[in-house]
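Working notes, beginning with the structure itself.
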Ligand code: NAD
Ligand code: MG
């Protein structure tokens, strides 16, 4: 029996993870499931999978969760401290699938227990990559990538020496607006930005795909996880989302990972690693697909990619600033306070301002300093938005 905990169980990655676990219930002992406001979903899954502990991130929902699980012997808890406590429970495999910077601390706690951390929460690596990797090394824990591109790279590197890698190419679908004329983007609505042509994901990452902020995070994630230099990482547009990444070696060979756009592949690979087991994902009919397309991303269209380069060059806590400003700008876009194209402007503004604040970004990366610059970046983003919109 493998003891598993799933953080962010009620989300898109969480539900795909539970789908795989639910297909072989006798092989897993579910330690903890965590969620947010969707108490009904959390309680139903916790009952179905016989979890030992169910946690909502929201203190005010403790009674609701308790009521939803009445009549079971399950432990119930709420709030940030409860999430950390859940992450400290012994488990063999922990899925980190909370969205945003909030996923960092529970993931760190799981690593401190020496667990295998399946990492969907790319924000952990963007905000605190060196800290995360060092914590894993110190506690003999392992991080397995779950982002489709990073799982693809990881698989292409099996049996290879990272020193023989010349470049890593991650693909981007281009998101909802890849075929829109640039002039139309400023008026893009929330509903338009929230639908993805190829992947079914949570709302925030779907919008980040349309703006390419998701790819920007993934470039930084690639650097932090695989330790390659920024100039070895390339992004290419690939509208079909079937090639997830390619690794180029010093002899000129390119190893591509090709598969259906179904996150259960990357999740399942991390769940069964180092073995490969049957997974319920579609098998590609290449003759029916016929053609795969690739093209270079237009820099004018995707300022987020340029900002990612600046973040990597800056190093230190610049990733935490970048991510927090992006999260805040995204909140504002979702709330209808700023336009689609304003998000990149806000992030750039915050990055520029905070980079010049002496010692801020160059402080040692700890959970405290990450939380500090994260908070400050959100305040600065609000200021930037007020200046931009007069609101
Ligand atoms: P989602 O919005 O569908 O789910 C997020 C989960 O996190 C939910 O369970 C929610 O309740 C919980 N949550 C949200 N805010 C929280 C907080 N402050 N504290 C504690 N819990 C909180 O998101 P998703 O699409 O499943 O993405 C999850 C993570 O995986 C993100 O980091 C995303 O970038 C990454 N990812 C997702 C996909 C995908 O296909 N959805 C692919 C690659 C990577
Ligand atoms: Mg991805």
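Cβ atoms are placed via backbone N, Cα and C, with glycine included.
For reference, TrEMBL has these:
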- 4-129: domain '1-deoxy-D-xylulose 5-phosphate reductoisomerase N-terminal' (DOMAIN)
- 10, 11, 12, 13, 36, 37, 38, 121, 123, 202: NADPH binding site (BINDING)
- 122, 148, 149, 173, 196, 209, 214, 215, 218: 1-deoxy-D-xylulose 5-phosphate binding site (BINDING)
- 143-226: domain '1-deoxy-D-xylulose 5-phosphate reductoisomerase C-terminal' (DOMAIN)
- 147, 149, 218: Mn(2+) binding site (BINDING)
- 259-378: domain 'DXP reductoisomerase C-terminal' (DOMAIN)
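Taking the C-alpha atom of residue 214 (1-deoxy-D-xylulose 5-phosphate binding site) as reference, the shortest distance to any of the binding-site residues 10, 12, 36, 38 belongs to 12. Excluding 147, 149, 218, which define the Mn(2+) site, the same chain contributes 122, 145, 148, 150, 170, 214, 215, 217, 221, 222, 244, 245 within 8 Å (Cβ to the Cβ centroid), listed in sequence order.
A sphere of 10 angstroms centred on the C-beta of residue 214 (1-deoxy-D-xylulose 5-phosphate binding site) encloses 23 other C-beta atoms. Checked against ligand 2, the binding-site residues 10, 36, 38 give no residue with a Cβ under 6 Å from it. Candidate binding-site residues: 122, 147, 196, 214. Those with a Cβ under 6 Å from ligand 1, in sequence order, are 122, 147.
For residue 123 (NADPH binding site), the same-chain residues lying six or more positions away in sequence with a CB closer than 8 A to its CB are 99, 100, 101, 103, 104, 217, 323. Cα-Cα distance from residue 147 (Mn(2+) binding site) to residue 12 (NADPH binding site): 12 Å (rounded to the nearest whole number). Listed in sequence order, 170, 171, 218, 222, 244, 245 are the same-chain residues at least 6 apart in sequence whose CB falls under 8 Å from the CB of residue 149 (1-deoxy-D-xylulose 5-phosphate binding site). Restricting the average to the domain '1-deoxy-D-xylulose 5-phosphate reductoisomerase C-terminal' (143-226) gives a pLDDT of 96. Each residue contributes its Cα atom, and for residue 12 (NADPH binding site) and residue 122 (1-deoxy-D-xylulose 5-phosphate binding site) those atoms are 14 Å apart. The sparsest Cβ neighbourhood within 10 Å, among the listed binding-site residues (122, 196), is found at 196. The binding-site residues listed here are 10, 12, 38; among them, 10 has the most other Cβ atoms within 10 Å of its own Cβ.
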